[in-house]
Amino acid sequence: MQRRPILVVNFGSQYVQLIARRVRELGVYSEIVHWDTPVEEIKKKNPYGIIFSGGPASVYAEGAPLPDKRIYELGVPILGICYGLQVITHQLGGKVVRSEKQEYGRARLRIIKEDVIFEGIPKESDVWMSHADKVVELPEGFEVLAVSENSPYAVIANREKKIYGFQFHPEVTHTVFGKEMLANFIYGVCKAEKNWEMGDFIHEKIEEIRKTVGDAKVIAALSGGVDSTVAAVLTHRAIGDKLHCFFIDHGLLRYKEREEVEKNLRSLGLPLTVVDASEEFLEKLKGVEDPEEKRKIIGRTFIEVFEREAKKIEGAEFLLQGTLYPDVVESAGIKGSAKIKTHHNVGGLPERMNLKLLEPFRELFKDEVRKIGKLLGVPEEILRRHPFPGPGLAIRIIGEVNKKDLEILRKADYIFIQELKKEGLYDRVWQAFAVLLPVKSVGVMGDVRTYEKVVALRAVESVDGMTADWARLPYDFLDRVMRRIINEVEGVNRVVYDISSKPPSTIEWE
């Protein structure tokens, strides 16, 4: 079903996906498009409205990302956020310059003219600013609706053409009434109608899967994580036992994870084949220390094992994947963005095995997949699982992977997670895990000098994993975890806690 969207034009903002998510939370379908998307393509999508995202560039710089000017002639309401406001100002004849006083962080917004965009919002409220450039001259037909101490053009509008600009970020939680302002733009200015409901999505997707697959068979490699599990449950609901699921144990799983995943997947009625390929993976990882090389070896071996097993299923024409909208957006990318890490999935498999891809969630965010899982009756313990990387513990052992170190890490990680759950902290963090470091340290245990391994604990808070802050866990709690690990895990005599945020660090160590 073709839904009328609110289009979010991406100028390279770290918040672009957050904007799209906020729109969907308000009940309207949103889609992200690149800033140089042709106007004809935008027109075809028949959007209710368009939101220009922020971005790191300066509109007056050479080669700055600027959309086709004909976008303003479509008669579609536009909202520019931060850099987006400056794009509108610059392209329509106003002036933007470098600000001598840059504005980052909380600011006080003061409304000076009433407008539908401020419906239900107090005269003064806190907003979040993040800009180094400023507007000094408005385009013809525009007026100022709100100001802040350092931004005399905090909210601008051409009311006749329904073009608005916010110098602040309404999508972040620090802007107290940001969601309400977005709702006012969507419903008050764009006159959009609600068209995004997870229950409707499930019914439509089941029909679509049935039509797409027909009498063919579908194969899936499941990890036990949220995305692949919910995708399998939805597909199984649509086509029954024409779906064949595989769980490959690569020997790099957490403590008792294989048994837990198998139990969970079978309890959901999924047709499952469990493959133990642990020796094969560990053999190929012998002597390998480089993290990128480890990821590649695991990815290649995974494909070989899965291909070998899947060939046993006659009539398989589709490969089910739990691809999400952020994966689609990131693979489209903003020109010039750098690859940070190789992502481990079954990439390359469809071509090799002559399979077509089935990606029921390619237009969804992770929180939406969780909502679907809930509606499909997937147990909370699966939906609340922390993300776990495809290469498993191999990228949490810094350096070469061997059975002894895997055993040490499994035990330490299990204690950490167990204590988080016991203390009611597990659901408060986005991800938590232990890392085994390639260093030894001197210690004293029972009056005897020791020289043993160091374990690092990592816990982060995040919304989508794209940015993350280290979790401020209570000292008493960390003390208890440290004592348990050192007393119960042979070969460890020191525990440290990682307090790095993303950026500059990544969540995983490798």
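Cβ coordinates are placed from backbone N, Cα and C, and glycine is handled just like the others.
The feature active site, nucleophile is assigned by Swiss-Prot to Cys82. Cys82 (active site, nucleophile) falls outside any helix or strand according to DSSP and counts as coil. All protein chains included, Cys82 (active site, nucleophile) registers 26 other Cβ atoms within 10 Å of its own Cβ.
The active site feature in Swiss-Prot is assigned to His169 (among others); the stated evidence is similarity to another entry. When secondary structure is read from DSSP and collapsed to three states, His169 (active site) falls in the coil class. Sequence-distant neighbours of His169 (active site) (same chain, 6+ residues apart, CB-CB distance under 8 A): Tyr15, Gly54, Ile81, Cys82, Val127, Trp128, Met129, Ser130, Thr175, Gly178.
According to Swiss-Prot, the active site annotation covers Glu171 (among others), on the basis of similarity to another entry. Annotation for Glu171 (active site): spatial neighbours Tyr15, Leu18, Ile19, Arg22, Ile81, Gly178, Leu182, criterion Cβ-Cβ under 8 Å with sequence separation of six or more.
What Swiss-Prot records for Ser223, Gly224, Gly225, Val226, Asp227, Ser228, Thr229 is ATP binding site, and it gives similarity to another entry as the kind of evidence. Around the Cβ of Thr229 (ATP binding site), 28 further Cβ atoms fall within 10 Å across all displayed protein chains.
Residues annotated as domain 'Glutamine amidotransferase type-1' in Swiss-Prot: 5-195.
Positions annotated as domain 'GMPS ATP-PPase' by Swiss-Prot: 196-385.
Counting only residues at least six positions away in the same chain, the Cβ atoms of Gly322, Leu324, Phe361, Lys366, Val369 sit under 8 Å from the Cβ of Asp227 (ATP binding site). The local packing around Gly225 (ATP binding site), expressed as other Cβ atoms within 10 Å of its Cβ over all shown chains, amounts to 17. Take the CB of Ser228 (ATP binding site) and look out to 10 A: across all protein chains shown you find 22 other CB atoms.
Apart from Ser223, Gly224, Gly225, Val226, Asp227, Ser228, Thr229, the residues listed for ATP, the same chain places the Cβ atoms of Leu222, Val230, Ala231, Gly322, Ile382, Arg385 within 8 Å of the centroid of those Cβ atoms.
Counting every protein chain shown, 21 other Cβ atoms lie within 10 Å of the Cβ of Ser223 (ATP binding site).
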